[in-house]
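Student: Mind looking over this structure? Questions follow.
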Amino acid sequence: MALAAARRVLLQAGSRLGRRGAVDGARRFSNKRVLVEKEGEAGIAVMKFKNPPVNSLSLEFLTEFVISLEKLENDKSIRGVILTSERPGIFSAGLDLMEMYGRNPAHYAEYWKAVQELWLRLYLSNLTLISAINGASPAGGCLMALTCDYRIMADNSKYTIGLNESLLGIVAPFWLKDNYVNTIGHRAAERALQLGTLFPPAEALKVGLVDEVVPEDQVHSKARSVMAKWFTIPDHSRQLTKSMMRKATADNLIKQREADIQNFTSFISRDSIQKSLHVYLEKLKQKKG
C-alpha cells in the first residue's frame, strides 16, 4: 500500500517535471534520487543515480527509479538508456542495509518486493540498456549492471564489481544467481558467490562480467558510441531476441515472487542474521570514524 501510494505521488510529480522545456538540447526530469537527461533526437536517455553518499538502494530510491524507467519506456522517442552515477567513484553500493536491519517483517516484505520489481523491470525492459560503471559496484550495484545489455567499466583499480553478499552473512537470491550464471558461467559464478568476490576492472572483463574497460574519462562517450551500434538493429527483432533469451530466467522469479518474499522476510528476521548485519554496520561506523 505504501509503495503504491508513493508511486502515484511520484508519477504526478514526474508528469509536471516532464513538461518543462528543453535545456541545452536535452530534456530533464528529476526527483530526489534519480536524474534523467533525455536526448530525444539521439533516442537516448541517461539515468544518473544521486542518492548520497553511496547511491544505496533504499526503498525510496527503488520506487523513484522504477517510476523514472516506466516513464522512459512509455516515451516513443527513447530507444535506449544509459545507467550511471552522478557521483564518480561510486556506481552504487547496493542494497540499503538499514532497510534490512531492525525493522519489522512487513517492512522487509515491502522492501524485497521493491528489489524484485527493480530487477524485473530492468531485466525485461524492451529498451537497450547500457551501464556506464564509473565507480564501485558491489552487490545491488552489480545487480543493476547485470540486467543491462552491455556493461562498460572505468579502468580504475580502486573500482570493483561483484556479488559480495556472503561477506555480509546474507545470500544472493536465486534469480540473481541465475542472472550471474547466465553472464559469467556456472563455475565462475559458484566460486564468486561463495567467496563474495569483488572483481577489479581487468578481472571483471576477463570473466565476462563487463564487456569493455575504458579510461575513466571515456566511459560515457563509449556508452554513447556502443548505443549507436545497437541502434542499427531493428527494435522489434532485438526486443524479441532479448525476450527469448531472458524470459525463462525472469519467469522463474515471477512464478515464485510471493514465496521469495516470504523466504527473504523469514531469513532476514533471524536473530543470527540481524546480529551479522549489526556487526557489519558497526564496522562501517568505525571506518567512518
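Here the Cβ of each residue, glycine as well, is placed from N, Cα and C on the backbone.
The model shown is predicted, which means the values in this text are computed figures rather than measured ones.
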Student: Please state which member of GLY135, GLY140, GLY185 Swiss-Prot lists alongside ALA93, GLY94, LEU95, ASP96, LEU97, ASN164 for binding substrate.
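Tutor: Candidate listed by Swiss-Prot for the same site: GLY140.
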Student: Between the binding-site residues ALA93, LEU95, LEU97, whose Cβ has more other Cβ atoms within 10 Å than any of the rest?
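Tutor: Output for this query is LEU95.
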Student: By CA distance, which of the recorded positions (LYS48, LYS76, GLU165, LYS275, LYS283) lies nearest to GLY94 (substrate binding site)?
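Tutor: With Cα distances computed to GLY94 (substrate binding site), the winner among LYS48, LYS76, GLU165, LYS275, LYS283 is GLU165.
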Student: Find the shortest Cα-Cα separation between GLY140 (substrate binding site) and the recorded positions LYS76, GLU165, LYS222, LYS255, LYS283, and name the residue that gives it.
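Tutor: It is GLU165, whose Cα lies nearest.
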